[in-house]
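Below: one structure, written as structure tokens.
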Amino acid sequence: MRSVTVKTSATYEVLIGSGLLQKAGEAVKKVISPCKAAIVTDSTVVHLYEETVRKSLTEAGFSVCTFVFPAGEASKNIHTLSHLLEFLAKEEMTRTDMIVALGGGVTGDLAGFGAAVYLRGIPFVQIPTTFLAAIDSSVGGKAAVDLEAGKNLAGAFYQPKLVLCDTDVLQTLPEVVFADGIAEALKYGVLGDAPLFEKIAGGNCRQDLEEIIETCVSMKRDVVEEDEFDTGKRQLLNLGHTFGHAIEQKSHFQMTHGHAVAIGMHLIAKAAEAKGIAEKGTAATIAKALEQNQLPKETEFSPAEVAEGTLRDKKRRGGTISFVFPKKIGACEIVKIPVEEVEALAKMAMES
Ligand SMILES: NC(=O)c1ccc[n+]([C@@H]2O[C@H](COP(=O)([O-])OP(=O)(O)OC[C@H]3O[C@@H](n4cnc5c(N)ncnc54)[C@H](O)[C@@H]3O)[C@@H](O)[C@H]2O)c1
Ligand SMILES: O=C(O)C(=O)C[C@@H](O)[C@H](O)[C@H](O)COP(=O)(O)O
Ligand SMILES: [Zn+2]
């Protein structure tokens, strides 16, 4: 088993390895005394892993209730959050009780936000079950729901007490969902680790899962420890997300996050090359890696539509929006773009 320690406003362990679901109760008990545990999970994961986690928690002395919501991004909204909060209240959960987020990034973001606001904050644990959640969303404390107006527009920074990443559960992931995680893993490669990018681009990442998860989580840990509240360096983790989030919102959240990030990363690499920021060939290298992993690289939306969605990005400060531009595979920089130039940038990205 591997372990990464994250030291932010709260300090916690990310445990990565096989068989962790069965040991969840004992692992959680080391950081939270036996109490009432609300497992939050979706309509797919509940049938796969809820029983194992429930049994393990019960054997360790926790009493368990379960909140289930319909799987998918379309559930990551204020209505599901409201149902979750009413459920917690009905279950008479108190400040010493806890939430266990069992699922992908949608579950983690929703449950984390619920934990942050219910009674102004109760403890929570992340048990990621997608590759994307394992390498990215379960760590760092960003919790949110989408608004119709845009992605993750209501949320909080709220760190978990523990992250249990059981690599066995990734075996049941459909390839298309696994590919969502590959898009975020490629992001970590483009941001700062060219060998990681090469390994993932080759399309064999199911073989080195533990190592890849540890590498990505460690990179995220380094960034989040320096800038927990997203005022500077952490914005680098938004590579591909500025256009990507706009595409998700324009698709009414039908396109998955990882697929939208894949397109966003390719588009911004093309724009960076056209502006002379990125080394020639960077966008083509990213395009090839996406193709080899069955990920999309272009959008049907127009530059005007993408630009319109982009204006709601959280990196907007008054008249400018910060974009993350690749310089080459393994290095990126943040550049402020005036709001009125965003459509031209999107056009440059789509037409080059
Ligand atoms: N908080 C953060 O830092 C952060 C980082 C990256 C992404 N995110 C968010 O994460 C979300 C995307 O997460 P996701 O890609 O995990 O999507 P998801 O949670 O919707 O999971 C994808 C699908 O896989 C199913 N599933 C989950 N685990 C499974 C398993 N082990 N076997 C079979 N099926 C399984 C789910 O039921 C779902 O249908 C987006 O909302 C995105 O904004 C947040
Ligand atoms: O943790 C971060 O910081 C990230 O940016 C990771 C992203 O992969 C993730 O999708 C995040 O939720 C996007 O953040 P947002 O602040 O733009 O909503
Ligand atoms: Zn993301």
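Cβ coordinates are placed from backbone N, Cα and C, and glycine is handled just like the others.
Feature annotation from TrEMBL assigns NAD(+) binding site to GLY105, VAL106, THR107, GLY108, ASP109, THR129, THR130, LYS142, LYS151. Non-local contacts of LYS151 (NAD(+) binding site) by the CB criterion (under 8 A, 6+ apart in sequence, same chain) comprise HIS245, GLU248, GLN249, PHE253.
Remark: HIS257 (Zn(2+) binding site) has GLU73, GLY105, LEU132, ASP180, GLY244, GLU248 as non-local neighbours, by Cβ distance under 8 Å and separation of at least 6 in sequence. TrEMBL lists GLU184, HIS241, HIS257 with the feature Zn(2+) binding site.
Annotation source TrEMBL lists domain '3-dehydroquinate synthase N-terminal' at 67-177.
The average pLDDT for the domain '3-dehydroquinate synthase C-terminal' (181-315) in the predicted structure is 96. The domain '3-dehydroquinate synthase C-terminal' annotation in TrEMBL covers 181-315.
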In the chain carrying THR107 (NAD(+) binding site), residues 6 or more apart in sequence that have Cβ under 8 angstroms from it: VAL40, THR41, ASP42, VAL45, ALA101, THR129, ALA133
GLY105 (NAD(+) binding site) CB neighbourhood, other CB atoms within 10 A: 26
CB within-chain contacts under 8 A for GLU184 (Zn(2+) binding site), separation at least 6: LEU132, ILE135, ASP136, CYS216, GLY258, VAL261
Distance-selected binding-site residues near ligand 1 (C-beta under 6 Å), from GLY105, HIS241, HIS257: GLY105, HIS257
Remaining residues near the recorded Zn(2+) site, that is with C-beta within 8 Å of the centroid of the site residues GLU184, HIS241, HIS257: LEU132, ASP136, ASP180, ALA183, LYS187, GLY240, GLY244, GLY258, ALA260, VAL261, GLY264
